[in-house]
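**Student:** Below you'll find the structure I mean.
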Amino acid sequence: MAFLMHLLVCVFGMGSWVTINGLWVELPLLVMELPEGWYLPSYLTVVIQLANIGPLLVTLLHHFRPSCLSEVPIIFTLLGVGTVTCIIFAFLWNMTSWVLDGHHSIAFLVLTFFLALVDCTSSVTFLPFMSRLPTYYLTTFFVGEGLSGLLPALVALAQGSGLTTCVNVTEISDSVPSPVPTRETDIAQGVPRALVSALPGMEAPLSHLESRYLPAHFSPLVFFLLLSIMMACCLVAFFVLQRQPRCWEASVEDLLNDQVTLHSIRPREENDLGPAGTVDSSQGQGYLEEKAAPCCPAHLAFIYTLVAFVNALTNGMLPSVQTYSCLSYGPVAYHLAATLSIVANPLASLVSMFLPNRSLLFLGVLSVLGTCFGGYNMAMAVMSPCPLLQGHWGGEVLIVASWVLFSGCLSYVKVMLGVVLRDLSRSALLWCGAAVQLGSLLGALLMFPLVNVLRLFSSADFCNLHCPA
């Protein structure tokens, strides 16, 4: 029974951000098909931030009309909308419309808004729902949330999305007549070498290497259908969770009085969740921990500020510059950093399950350590296309390790802060979700002008780099 509950909670948590994470990992294929090209990530950033209207409305309703807000029907609606939108996405993602003297992916952007609305609102609905379950299930939820990034990345890896190769490109004068390809052709242009060399008065063609994306193993249609299956699994998992006995909704900590012996059970209070039910003491005692939940306003302010800061780094600022910081070291280093940093998220959640530490001092120090790794990643992005140790194996190892440790440290902090707030109240988890979205919004708004307006970062073509020794 316990394994089933952990599995259901994990699948439920996976549905929190699986669709938007899927869009990001599919971008290398989408930018080649849609008219926005490489401006598409900028459009996605704006659309996703506009979707924060969802969590804003939920938070305001909770504050002004708490009695009329129930997260269960909202979650069912979100998961249903997300599943249907993914299915529609699979068939309309490449549909364009003529707007303002040009073709634009209006259907893509509108559907992206609905997917982002689902994922953003999940932060202020999924977490409060988890207050109905014992605390140890919250860690499993964060493991599932980490898998929401890992599973789409693995599907994209199997698809071949984002894989590049170096292609030899030959440039010749416009006056050269259109050649007919023969067996002696250049790799990219199909220009016969014999024909070019035979033309009088012509200079030798110039050749250079460029990065080109490899063809995908299956289309975006299949990818989005797989995303819809993941969302449907999340919907089914939540439905089954609702069908479990009500005794699972009562946290063991809510049933036991800290001031009496472990086997003394206090009477149920009016604000306890669900009717009284039997709880297996052997299971409950194994997860019982000494509470260290801070109650003073200064501690709460520190926790919510740290939640917003950590999510600003992990969701808003650093993802915007990952390609700039890694691609200069080559495609292998980039794919290792991108994949392993995603894997580090659920692994850090698992570590927090077996090695929990609720000390705010420890979490603060770990946040500083993760921020230092993030600072190194940001510095390498600013120095692109010629960062430190470019062309040396040590630089590749450092950038991959830095991204993995950045993701792992801050993921652990996020999980433990959620556990601390869960022990306070359901409202604390809702405000935790609001802080998550606020931090992500501020991070994205800060990076958008730096990347797209001021253009402080320069992209690197690893196949054609000219850096000083």
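Here the Cβ of each residue, glycine as well, is placed from N, Cα and C on the backbone.
Below are the features I grabbed from Swiss-Prot:
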type	residues	note
TRANSMEM	3-23	transmembrane segment
TOPO_DOM	24-43	topological domain 'Extracellular'
TRANSMEM	44-64	transmembrane segment
TOPO_DOM	65-71	topological domain 'Cytoplasmic'
TRANSMEM	72-92	transmembrane segment
TOPO_DOM	93-97	topological domain 'Extracellular'
CARBOHYD	Asn94	N-linked glycosylation site
TRANSMEM	98-118	transmembrane segment
TOPO_DOM	119-137	topological domain 'Cytoplasmic'
TRANSMEM	138-158	transmembrane segment
TOPO_DOM	159-220	topological domain 'Extracellular'
CARBOHYD	Asn168	N-linked glycosylation site
TRANSMEM	221-241	transmembrane segment
TOPO_DOM	242-292	topological domain 'Cytoplasmic'
MOD_RES	Ser251	phosphoserine
TRANSMEM	293-313	transmembrane segment
TOPO_DOM	314-335	topological domain 'Extracellular'
TRANSMEM	336-356	transmembrane segment
TRANSMEM	360-380	transmembrane segment
TOPO_DOM	381-396	topological domain 'Extracellular'
DISULFID	Cys386-Cys463	disulfide bond
TRANSMEM	397-417	transmembrane segment
TOPO_DOM	418-427	topological domain 'Cytoplasmic'
TRANSMEM	428-448	transmembrane segment
TOPO_DOM	449-469	topological domain 'Extracellular'
**Student:** Identify which of the disulfide-bonded residues Cys386, Cys463 has its Cβ surrounded by the largest number of other Cβ atoms within 10 Å, counting every protein chain shown.
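**Tutor:** Sorting the candidates by Cβ neighbours within 10 Å, the top entry is Cys463.
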**Student:** How many other Cβ atoms sit within 10 Å of the Cβ of Asn94 (N-linked glycosylation site)?
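**Tutor:** Looking across every protein chain shown, the total is 15.
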**Student:** Can you give me the Cα-Cα distance between Asn94 (N-linked glycosylation site) and Cys386 (disulfide bond) in Å, rounded to a whole number?
**Tutor:** 36
**Student:** How about the transmembrane segment (3-23) and the transmembrane segment (221-241): at least 3 CB pairs under 8 Å, pairs 6 or more apart in sequence, or not?
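**Tutor:** Taking Cβ pairs at least 6 residues apart, the transmembrane segment (221-241) and the transmembrane segment (3-23) are in contact, with 3 or more under 8 Å.
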**Student:** For Asn168 (N-linked glycosylation site), just count the other CB atoms lying within 10 A of its CB, please.
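**Tutor:** Summing over all protein chains shown, Asn168 (N-linked glycosylation site) has 13 other Cβ atoms within 10 Å.
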**Student:** Report, as numbers and ranges, every residue of the chain located at least six residues beyond the topological domain 'Extracellular' (93-97) whose Cβ falls under 8 Å of a Cβ in that stretch; write 'none' if there are none.
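**Tutor:** Contacts of the topological domain 'Extracellular' (93-97) (Cβ under 8 Å, skipping residues fewer than 6 from its ends): 30, 33-35, 103-108, 111, 220-221, 224.
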**Student:** Looking only at residues six or more beyond either end of the topological domain 'Cytoplasmic' (65-71), which have a C-beta under 8 A from one in the stretch?
**Tutor:** 58, 125-126, 128-129
**Student:** Helix, strand, coil residue numbers for the topological domain 'Extracellular' (381-396) per DSSP?
**Tutor:** 7 helix, 0 strand, 9 coil
**Student:** Thinking of Cβ pairs under 8 Å, which stretch from 293-313, 360-380, 397-417, 428-448 has the most of them with the transmembrane segment (44-64)?
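**Tutor:** Answer, by Cβ pair count: 428-448.
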**Student:** Give the distance between the Cα atoms of Cys463 (disulfide bond) and Asn168 (N-linked glycosylation site), rounded to the nearest whole Å.
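**Tutor:** The Cα atom of Cys463 (disulfide bond) is 9 Å away from the Cα atom of Asn168 (N-linked glycosylation site).
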**Student:** Below 8 angstroms Cβ to Cβ, which residues of this chain, lying six or more residues outside the transmembrane segment (397-417), approach it?
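**Tutor:** Distal contacts: 138-139, 142, 146, 303, 306-307, 310-311, 313-314, 318, 322, 325-326, 329, 333, 336-338, 340-342, 344-345, 347-349, 351-352, 356-358, 363, 366-367, 369-371, 373-374, 376-377, 380, 387-389, 432.
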**Student:** Through the lens of DSSP with three states only, how would you label Cys463 (disulfide bond)?
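**Tutor:** DSSP assigns Cys463 (disulfide bond) to helix.
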**Student:** Taking the Cα atoms as reference points, how far is Asn168 (N-linked glycosylation site) from Cys386 (disulfide bond) in Å?
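**Tutor:** So the Cα of Cys386 (disulfide bond) lies 22 Å away from that of Asn168 (N-linked glycosylation site).
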**Student:** Given the transmembrane segment (138-158), which of the listed stretches 98-118, 221-241, 360-380 has the most Cβ pairs that are under 8 Å apart from it?
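**Tutor:** Answer is 221-241, with the largest number of Cβ pairs below 8 Å.
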**Student:** Taking the transmembrane segment (293-313) as reference, which of 221-241, 336-356, 360-380 has the most Cβ pairs under 8 angstroms?
**Tutor:** 360-380
